[in-house]
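Asks: Take a look at the following structure, please.
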Amino acid sequence: MTMAAPPPVAVIMGSQSDWATMRHAAETLDALGIAYDARIVSAHRTPDRLVAFAKGAKAAGFRVVIAGAGGAAHLPGMAAAMTPLPVFGVPVESKALSGQDSLLSIVQMPAGIPVGTLAIGRAGAVNAALLAAAVLALADDGLAARLEAWRTRQSEAVAERPDPGAP
Ligand code: RP5
């Protein structure tokens with residue numbers, strides 16, 4: 001009997017409400033054929049779940065963590081403090097401050113515990129997945145080819161000139 005390989009990417013988020021943003025990371029991983037486990041792990045509401053996840057993430061077989069959170073967004077930094085895995089943080093667009101609170105909370109890590117911080121919202125979620133793919137592709141030629149093909153498709157989808165009739 002062969003055991004299925006554990007998913008290499010963990011996509012964690014602080015709340016169900018973050019899924020509207022983080023699904024873009026998940027969809028990008030899907031498009032690249034990268035398995036992931038998506039979980040709600042709140043630094044504030046489920047701190048014990050965060051500790052268990054982050055301390056066990058490497059042993060569980062994950063290679064990269066993508067962490068999305070909004071507002072006082074401690075999740076990526078706290079996760080990074082408890083795992084040696086690379087952590088990419090996605091600032092979720094908050095209602096009160098349009099995600100600027102999330103961005104500053106995630107990006108301003110003191111020296112010593114890094115969080116690779118992406119843009120606010122959908123762009124950050126997509127790019128977190130692409131960065132995770134680039135990391136994994138260093139040791140996976142098949143994935144490297146899929147990532148290159150993804151980028152080629154993106155280039156080919158850009159028109160030479162703007163459509164003057166488009167809104
Ligand atoms: C953060 O609080 C979550 O990451 C989310 O972005 C924000 C709001 O959470 P909900 O009140 O919508 O559950 O912890």
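Glycine too: its Cβ is placed from the backbone N, Cα and C atoms.
Curation plays no part in TrEMBL annotations; they are all automatic predictions.
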Asks: Kindly point out which candidate in R45, R49 is recorded by TrEMBL as part of the substrate site with S15, D18.
Replies: R45
Asks: Which binding-site residues from the set S15, D18, R45 have a C-beta atom lying less than 6 Å away from ligand 1?
Replies: S15, D18
Asks: Give the number of CB atoms, excluding that of R45 (substrate binding site) itself, located within 10 Å of its CB.
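Replies: The Cβ of R45 (substrate binding site) has 11 Cβ neighbours within 10 Å.
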Asks: Using a 10 Å radius around each Cβ and counting other Cβ atoms from all shown chains, which of the binding-site residues S15, D18 yields the largest count?
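Replies: Result for the most crowded candidate: D18.
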Asks: If you average the pLDDT over the domain 'PurE' (7-158), what number do you get?
Replies: 98
